[in-house]
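A.B. asks: According to Swiss-Prot, the protein has these features:
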ACT_SITE  57  active site, proton donor
BINDING   119  substrate binding site
BINDING   173-174, 222-231, 278-288  NAD(+) binding site
SITE      86  site 'Lowers pKa of active site Tyr'
């Protein structure tokens, strides 16, 4: 059932590519294939226009069905939506970038991505999609194997996606400041966005300031902190106070008459950072989308930022992948 509070809209931020991107979207990570089509459809009815997907999430076909249903019913047009997907590491070789993008477009049932992102700054050994898809980090029980493709070659192929109108904007995810500095030295088309883990336990202030100063819009994933990682038996998440239950967050929620989740999302969006939460609860869908209609005080912003512990939950070695991407 769709939300009882439909037709909300999120403000947009301007990308350096010239396109506008909603500052609040719907993230598809860990959305079950069985419910994905309905969740996307209901999110569109609620007012969501940005959907953040990826090859690695394994639910792009289902997400596309939700989009197609909403378009068929006249709720939205394709041009009203901002659809994001990501290039997985097994497809970093320039000869595989365009086929990967076209495959994902076909799964969504669309002709172009509004934003196509390099998911991780590391190439993995190529896996034929006919053999395993999504390829994930490795086959079950095996170690991940790195590829032999430097990022500048991958980025050149990403730029060609823009040339061929398969992607309107291109971006990066999980990149360090050093990698961004290097990329900006050779990029013909600059990345429009940087997507990173960002919440009060991991503020990454230096990285965010550098990216924003260079004209990249920052998108935060895992805005609620440990919440999404508990079911993955992530030790860092299970041993930490949930941000939704933290006294600092709850105090602001009570003051503003909002939910703790809305406070966490507003802490990001008020600082110009896009967010991509998800929910299958109609009321929470609307609440998350409505997380820009109030302002936190400067003191509240500082108090929330002061919760920083440098605590990263999405760290490949923590789930058995032998690549210390973040050191």
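Including glycine, each Cβ sits where the backbone N, Cα and C put it.
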A.B. asks: Given a separation of at least six residues and a C-beta threshold under 8 Å, show me what packs close to residue 226 (NAD(+) binding site) in the same chain.
C.D. replies: 201, 234, 236, 237, 238, 240, 242, 243, 313
A.B. asks: Near residue 173 (NAD(+) binding site), how many other Cβ atoms are within 10 Å of its Cβ?
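C.D. replies: Around residue 173 (NAD(+) binding site), other Cβ atoms within 10 Å: 20.
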A.B. asks: If one looks at the chain holding residue 119 (substrate binding site), which residues at least 6 apart in sequence have a CB under 8 angstroms from its CB?
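C.D. replies: Long-range Cβ contacts: 54, 55, 56, 86, 87, 88, 89, 173, 174.
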A.B. asks: Identify, in sequence order, the residues in the chain of residue 229 (NAD(+) binding site) that are 6 or more apart from it along the sequence and have a CB within less than 8 Å of its CB; answer 'none' if there are none.
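C.D. replies: Residues satisfying the criterion: 222, 236, 237, 313, 314.
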A.B. asks: Tell me, if you would, which residue among 57, 86, 278, 281, 287 (recorded positions) has the fewest other CB atoms within 10 Å in the structure shown?
C.D. replies: 281
A.B. asks: Between residue 284 (NAD(+) binding site) and the residue listed as 'active site, proton donor', how many Å separate their Cα atoms?
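C.D. replies: It is 22 Å, counting Cα to Cα.
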